[in-house]
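Structure first, then comments.
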Amino acid sequence: MAEKSWLQDFPQMERGDLIAIRKTLDGAYRDFSREFGDTIEAFFDPLLTFLVWFEQLLLQTPWWLVLAVIVGLVWLASRSWKLTAGITVAMLAIGYFGMWDNTMRTLSMITVCTFMAILLGIPIGIIMARSNRAQSVITPVLDVMQTMPAFVYLIPVVMLLGIGKVPGLIAVIIYAIPPVIRLTNLGIRLVDKEVLEAATAYGASSTQRLFGVQLPLAMPTIMAGINQTIMMALAMVVIASMIGVKGLGQPVLKSITNQYFTLGLLNGLAIVALAIMFDRVSQAWAKRSQKHLGGAGHA
Amino acid sequence: MLDQNNELIAIRNLYKVFGRKPEQAMTKVKAGVGKDELLAEHDHTLGLKDINLTINKGEIFVIMGLSGSGKSTLIRHFNRLIDPTEGQILVDGVDVMSLGKKDLEQFRRHKMSMVFQRFGLMPHRSVIENVSYGLAVQGVKKKERLEKAAQWLETVGLKGYEEQYPSQLSGGQQQRVGLARALCTDAEILLMDEAFSALDPLIRSEMQDQLIELQDKLHKTIVFITHDLDEALRLGDRIAILKDGELVQVGKPEEILLQPATDYVEAFVKDVNRARALTVETVMQPPVSRITATTIGEALEQMKKLPEDYGYYVNDDGYQGVVLRETLEKAFAEDADAEVDASVWEPLDAISADAVLETVIPETLETEYHLPVVDEDGELQGELSRSALVEVLGDTTTSEAA
């Protein structure tokens, strides 16, 4: 048989057609980004200003003042001496090993990303919880966002906005936002039906139900989502450094290309220290503020 | 027939079908398709079928049925937590189905309040915030609503627990909070969905007592759902029995007990401890043996017409005691015109018409006479014979044996 059978090889489309499709799509997107790139960049300008301002604030302030504020916040949120002492030691070590500035850059990036993710994620989660149709549309989108390799959606973001902080920020948010959306939705859906029914029976409007019952009762779950979002944002920091986000990710990237094991390890440990700080502090705060929700509480 | 002016809630031809296309299923139901067939062949559940009810102002109306009978579905129609597939719900003359979203919220805020089986308290709010929740929803100022909530907390016996959280309280205490929350809005109608079912028997009976006590003061209209017939008989002014989404019988407790409408109700009431469920009033006979004369002579004349050799002496101050024919005859021999006084009658404690049968059993055994039954003012209402008591109580033993 001279001709290849379609039974042996998968019947493919013509190479030429595929190239044509790619060219058309890439071309269309390039045209789009040339046309609207500036407009979209202008749209994100306030965000950039805020990000730069916050980064400069952390960098310009004397290190001991920043350290004092961080330690103070950790203490206020957790009320645990052990945790506060641990964080202090870790931050001092970071500074001693010369990673203070990069850590501040990453800290500002994570803070802004988390803030944006919460700002966007909770309302989306609420919409999902209120409508089954919204849930069935948004869930697959979230699945794609979580499983699509981060590099893939870095490409269009970079094409559109170039290299820099804002594309990095967008990439991190896309990667990190699904947990807060999912768990807001789940938390609201898991609110005790009878409690919600009671609120309805006493004539609560849907806004009163949302802010008086659903959100407060969903808070532990939402907090778990925020926690996950922070962790994922931290994990994304290294990848985002590929598109020019400064911080702890860049030395790691440099270590990979140059095989500097110690440099990589130290910066990696600094990221871990930040992660532990965010995780423990947010969990301790959540636990303290929701001690009545546990059910079998003891007076 | 019920007094039209007294009627507060009326349910007319209420149907509820659960499923994807309830309207289509409704035509099947009207064509006579039964509950089981509807579920098996059309995948719809018949929740309620042709319910007609009227509930009067100030009564405790108990809706009783086993699980799955539709009683919780029915009570949720009163404040439209569930919308009916078909039918009318009138509360105080207002068609609840015609209310828009805002009007319905207002209606729920002011007209009805509800107590839930698993309490439905908000775990993130303190006890006093929970009690004042209804007022908070209405927009009442914080100071005012907390004051009012504190009063109701005191009424239900939870003063001092204001700042606790629901999870720190026992089940009984939590339900008291639920009750205080319901009372705090001053709503005229109280819906109680298996309010005491989740509580221990002892706490349950305490709560029942408290509810009866409160009702004596407040005169609310209470719709009470229960699966417990003893509870229904104890609380209910009237009882509706629901089976598979249909009303089987509506009536006073003694009507349900003594004249069950169907075999189902009969099977239901079979195991009830009648001695505890029935009051003297439902079993007593009219007072035949009444002696009212002022002189011995006239009294003896009255006595001769009586079926027994004794009678109950009643004067302007009400029931006084029992008079024996023998005593009267002796006194007649001495002085026929003498007035009837304390020397003639013997003291015999009367029993209260409201007393539960169980409590009067010892008295009926102690004396050979029929027991006089008096009301709150001491007026003779009837008499209770040992044989009548045995007949009513004995009925259960024979059916149990059968």
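Just so you know, glycine gets a Cβ as well, placed from its N, Cα and C.
Annotated domain 'ABC transmembrane type-1' per TrEMBL: A:103-282, in sequence order.
Positions annotated as transmembrane segment by TrEMBL: A:57-76 (among others).
The list of residues near the transmembrane segment (A:83-100) in space but at least 6 beyond its ends in sequence, with Cβ under 8 angstroms from a Cβ of it, reads 63, 67, 70-71, 74-75, 248, 251, 266-267, 270, 273, 276-277, 280-281, 284. If you look up TrEMBL, you'll see A:83-100 (among others) marked as transmembrane segment.
Listed as Cβ neighbours of the transmembrane segment (A:106-129) (distance under 8 Å, sequence separation of 6 or more from its ends, same chain) are residues 47, 50-51, 54-55, 57-58, 135, 138-139, 165, 168-169, 172-173, 176-177, 180-185, 187-189, 210, 214-215, 222, 225-226, 229-230, 233-234, 237, 240, 245, 247-249, 270-271, 274, 278. TrEMBL lists A:106-129 (among others) with the feature transmembrane segment.
Positions annotated as transmembrane segment by TrEMBL: A:150-177 (among others).
According to TrEMBL, the feature transmembrane segment maps to A:229-248 (among others).
Residues 70, 74, 87, 90-91, 93-94, 97, 99, 102-103, 106-107, 110, 227, 230-231, 234, 237-238, 248-249, 251-252, 254 of the same chain lie 6+ residues outside the transmembrane segment (A:260-278) yet bring a C-beta within less than 8 angstroms of a C-beta in it. For A:260-278 (among others), the entry in TrEMBL reads transmembrane segment.
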For the transmembrane segment (A:57-76), the distant same-chain contacts (Cβ-Cβ under 8 Å, at least six residues beyond its ends) come to 83-84, 87-88, 91-92, 95, 100-101, 104-105, 107-108, 277, 281
